[in-house]
Amino acid sequence: MSGADRSPNAGAAPDSAPGQAAVASAYQRFEPRAYLRNNYAPPRGDLCNPNGVGPWKLRCLAQTFATGEVSGRTLIDIGSGPTVYQLLSACSHFEDITMTDFLEVNRQELGRWLQEEPGAFNWSMYSQHACLIEGKGECWQDKERQLRARVKRVLPIDVHQPQPLGAGSPAPLPADALVSAFCLEAVSPDLASFQRALDHITTLLRPGGHLLLIGALEESWYLAGEARLTVVPVSEEEVREALVRSGYKVRDLRTYIMPAHLQTGVDDVKGVFFAWAQKVGL
C-alpha cells in the first residue's frame, strides 16, 4: 500500500470477511499466559537494559504524555490483550479509562490484575520502570493504584465492525484519546483490513484527539501457546500512509529494530513502531 493516490482496498481481495473469520477462529486458541511469558518475561521483559524493547516502548509513551498535549478526561485502549503497561504513563492524564479486547480470556486476565487477585501477572517491574522514566518521584505502588482506580470498564471490541464497541456502549464517546498496542496488524488478514480497522477505531475519537499506536514491523506470525497467529506485515511507511488516510496528522513516528538476542523464535518480528497521531478537525 504505497502511493498517496492508491485506494485503501488496493491489492486486497474484494471481500476480506473470510480472512477475518479465519483470524477470529485462530484466536480461540490464544493463551494469554503463554503470550505474556513470550513477550513480557525475560529476555524481552528484561528492563535492566535501556536498549531493550520494553524500556523503548515505555520511553515512547512517557515522553509523549510528558508533552502535556495528550490529555483529557476519557481514553480508550483498543485491543488491550492481557497487558497493562501501555497505560502506565496514561493514567495520570485521564480519569476515565476503558480497556477492551475481542477475547474473553484476555478480559479475564485483565480483570485478575485490576482486582489484585492471586495469580495475576506481575507488572511491578514495568510500573517501577515507568516511574523511573517519568522522574516524578512517584512510587510504583501508587502508580498501580491510580491505574486500577481509573480503569472504569473492560469491554468486548471488534475492530472489524463499523461500531467496534457495538451500539449503546457504556464507554463515553467520543474519547479524548486512544491507545492501541499490537492489535490492528495482529488481527487483520491484509492491508485493506488493517486500514478499515484503523478507520473504524477512529470513529471512537473526537476531532483533535490523539492516537498512540504501537505495533510490529514486518511480522507475519507469532506464537501464543498452541496458537500460531498470522500477522499482516507492515512497514513504517505503510503505517504512516494508513494514518493519513484515516484522517490523522502524524506528530511522531519512531521505529525500534529488534536485536538478535531478542529474536527468540516466538515470532518473526523485525521491529516495533510507535506512532503519535492527531485526528484532523475541530
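Cβ coordinates come from backbone N, Cα and C, glycine included.
Swiss-Prot lists SER7 with the feature phosphoserine.
The S-adenosyl-L-methionine binding site annotation in Swiss-Prot covers TYR35, TYR40, GLY79, SER80, TYR85, ASP101, ASN106, ASP158, VAL159, ALA181 and rests on experimental evidence. Here ASN106 (S-adenosyl-L-methionine binding site) comes close to PHE30, PRO32, SER80, GLY81, PRO82: these same-chain residues lie at least six apart in sequence, with C-beta atoms under 8 angstroms from its C-beta.
What Swiss-Prot records for GLU219, ASP267 is octopamine binding site, and it gives experimental evidence as the kind of evidence. The number of other Cβ atoms within 10 Å of the Cβ belonging to ASP267 (octopamine binding site), over all protein chains shown, comes to 20.
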Does TYR35 (S-adenosyl-L-methionine binding site) have same-chain partners at least 6 apart in sequence with Cβ under 8 Å from its own Cβ, and which are they? GLY81, PRO82, ALA224, GLY225
Cβ proximity for GLY79 (S-adenosyl-L-methionine binding site), under 8 A, sequence spacing 6+, ordered by residue number, returns THR100, ASP101, PHE102, ILE157, VAL159, SER180, ALA181, PHE182, CYS183, LEU184, ALA186, VAL187
Sequence gap of 6 or more, Cβ distance under 8 Å: name the residues on the same chain that satisfy this around TYR85 (S-adenosyl-L-methionine binding site), in order along the sequence. TYR40, GLY54, LYS57, LEU58, TRP123, TYR126, ALA130
Row GLU219 (octopamine binding site), column other C-beta within 10 angstroms, all chains, value 23
Cα-Cα distance, maximum over TYR35, TYR40, GLY79, SER80, TYR85, ASP101, ASN106, ASP158, VAL159, ALA181, record's S-adenosyl-L-methionine binders, Å: 24
